[in-house]
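Step one of this worksheet: look at the structure below.
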């Protein structure tokens, strides 16, 4: 009686294939796709004859019935049909036509798309700086007085504005002080000090000192003229000399 082989030829091929897969797993290396394809061969081919299936598998050209869906990895991922092409897609049929960057799945344009997307959509932070120091013009208008309240004329006398509210004219005239009564009280505080209570009395005091000084000069000039008027005129001196 002839001894029978415990395994058939197809079973022996499957055992060798499983041994190779085990070696890859023991070495902690990725398993080649063709070994996984051999394991799934019974589900892909008909079980009519093992010889015909093996001959069709080991043929140099595969039948067109088997597409890229046959080469599946262990985690269910399909092998890329164009491995050198960028994998950026819109989720449907469109795919980027540029070549992938070395050691990357995407091109240079789509490599950092996800990282920069969140930061680019954020609006820039707005910085609010409190305006503590106001302009001199706005501060003067709010306080209700101007610097030219006392205007000095070319002759030396001081001209003050009085009466009802007046508008600024082209000739340099000043506003009336009644504007302060019409406007509500607006105080300007800078670091705990009130500009109205500190600056306005100082300015008025300087204007009053200037006016007193000009008045003294004017009175001195008048006294000098009166002293000269007491002397006899030249006509009277001539007449007296002729009379003698």
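The backbone N, Cα and C atoms fix where each Cβ goes, glycine too.
Taking Swiss-Prot as the reference, the stretch among 63-72, 113-122, 123-132 described by the feature motif 'Bipartite nuclear localization signal' is residues 113-122.
Annotated by Swiss-Prot as region 'Disordered', the relevant range among 107-133, 134-160, 161-187 is 107-133.
In Swiss-Prot, the annotation motif 'Bipartite nuclear localization signal' applies to 77-95, one of the ranges 77-95, 191-209, 210-228.
Across all of the motif 'Bipartite nuclear localization signal' (113-122), the predicted model scores a mean pLDDT of 58. In terms of DSSP helix, strand and coil, the domain 'QLQ' (6-41) has 26 helix, 0 strand, 10 coil.
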